[in-house]
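Presented below is the structure to which this report refers.
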Amino acid sequence: WSRNGNVATAVFHLLSSGIGIQALLLPVAFATLGWVWGAISLSLAFTWQLYTIWTLVQLHEPIPGIRTRYSRYLQLAIAAFGPKLGKLLAIFPVMYLSGSTCIMLIIKGAGVMELLFKLMCEGGATCDAKSLTGAEWFLVFTCMAIALAQRPNLNSIAGFSLVGAMSAIGYCTLIWALPISKDRPSGVSYDSRKGGSTMAGMFDVLNAIGIIVLAFRGHNLVLEIQGTLPSSLTNPSKRTMWRGVSVSYIIIAMCQFPLAIAGFWAYGNKIPSNGGMLTAFMQFHGHDTSRFAKGLVYLLVVINCLSSFQIYAMPVFDNLEFRYISMKNRRCPWWVRIGFRLFFGGLAFFIAVALPFLPSLAPLVGGITLPLTLAYPCFMWILIKKPHQKGHDALWCLNLGLGCLGIVLSVLLVAAAAWNLAIKGLHASFFKPL
């Protein structure tokens, strides 16, 4: 395990994993919740998930002076909940958030790559004739991502994370700054667009809260990132890591809060539920925006998807190599490492082609994995630190309350997502990527 990271590399990794295309849906949540409750929900979600990150940072090295470091979420879950329950609670959400995030990035990145190609060749019959099929765009993106994914560990992809962070900041800023510099579409309204019945309205609110909560991601990578930092009694890794978290989340807040507020101001309840700000901008302001600006937004999104793929896939690669080393009792040779990356890339490509509608299931599965972000860290703090036994009753009550609230919220979000799918239906098109 390489432990020569620093505050800068931690910031790069946290930004690359923490900002993504899911933030473009934040104005959609505001269209349901309105100005006041949208801002309150966004602020509460930001504070809550920042607290659970602080908790994970403290639990990375729970006992000062002891060399035990939990550099994987699963290791910490096993230490807190025990071998059986820890694996049961953590394996699926960690696998989902690593593997399926890469699949989502293939679907979204390839789609935007196709839009960029059509913009560059100016549309028309000739452009359509030259364009690739959906599956071929998926393959192009996957090949590019796997070609870049040959670095051995998380520290070695700090450059990719820097590029991913800069591109995410770039398109998040452009996508709200460009619309507010232009006239708003006619008929923009800020009235809530909740469903007509009480039940439908309640589930619409829950789905909006789910969009806000799922905009903050990367908790499954926090321990991995901290594991790249050196640690000693005089300068434990939690100090360095928290400095990195503080810097990165100030930047994340500067990206996501203006995106949500300015996006809702520009489009109100006209913002499309699918695609969010990117679709709205191209639909309402694409005609009066230069090709260079539109192309730059598309390019930055593609670059960010390629860079984010590296950091989300690295824990999978690391786990595969760890299994190999444990079985063979020797270092993983370069050709085996390449084979693992090709295998994962091929599997992710196959699932993306087979299930191109997977992003529409994100609220459902995201609700299932929500405890990993908002609840499990609180329970792990109680079980490992035992604050109640040490007289820290306030911390015990805070973590117990937040943990239970996170579980309840997860159940409600799953119910709302299932209700939404039951009412609107799931337009499943197996092996038919657009």
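Every residue, even glycine, has its Cβ placed from backbone N, Cα and C.
Now, the feature entries from TrEMBL:
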- 4-416: domain 'Amino acid transporter transmembrane' (DOMAIN)
- 7-29: transmembrane segment (TRANSMEM)
- 35-57: transmembrane segment (TRANSMEM)
- 88-111: transmembrane segment (TRANSMEM)
- 131-149: transmembrane segment (TRANSMEM)
- 156-178: transmembrane segment (TRANSMEM)
- 198-216: transmembrane segment (TRANSMEM)
- 247-267: transmembrane segment (TRANSMEM)
- 296-317: transmembrane segment (TRANSMEM)
- 338-358: transmembrane segment (TRANSMEM)
- 364-384: transmembrane segment (TRANSMEM)
- 396-419: transmembrane segment (TRANSMEM)
Same-chain residues at least 6 beyond the ends of the transmembrane segment (35-57) whose Cβ lies under 8 Å from its Cβ atoms = 26, 29, 76, 190, 208-209, 212-213, 215-216, 219, 222-223, 226, 238, 241-242, 245, 249, 253, 256-257, 260-261, 264, 373-374, 377-378, 380-381, 399, 402
May I ask whether the transmembrane segment (88-111) has at least three C-beta pairs under 8 Å with the transmembrane segment (338-358), counting pairs 6 or more apart in sequence?
-> yes
Can you say which of 156-178, 247-267, 296-317, 364-384 has the most Cβ pairs under 8 Å with the transmembrane segment (88-111)?
-> 296-317
Top Cβ-contact partner of the transmembrane segment (296-317) among 7-29, 247-267, 364-384, 396-419 (pairs under 8 Å) | 7-29
Lying 6 or more residues past either end of the transmembrane segment (396-419) yet within Cβ distance under 8 Å of it, the residues of that chain are 48, 51-52, 55, 199, 202-204, 206-207, 209-210, 213, 363-364, 366-368, 370-371, 373-376, 378-379, 381-382, 387-388
So what's near the transmembrane segment (7-29) in sequence-distant terms, Cβ-Cβ under 8 Å and 6+ beyond its ends?
-> 38, 41-42, 108, 154-155, 158, 160-162, 164-165, 168-169, 172, 175, 208-209, 211-212, 214-218, 221-222, 225-226, 228-229, 240-241, 243-245, 247-249, 251-252, 255-256, 259-260, 263-264, 267, 271-273, 275-278, 280, 301, 304-305, 307-308, 311-312, 362
What same-chain residues lie close to the transmembrane segment (247-267): Cβ under 8 Å, and 6 or more beyond its ends?
-> 7, 10-11, 14-15, 18-19, 23-24, 26-27, 29-31, 35, 38-39, 42, 46, 50, 53, 168-169, 172-173, 175-177, 179-180, 184-185, 188, 190, 215-216, 276-277, 280, 284
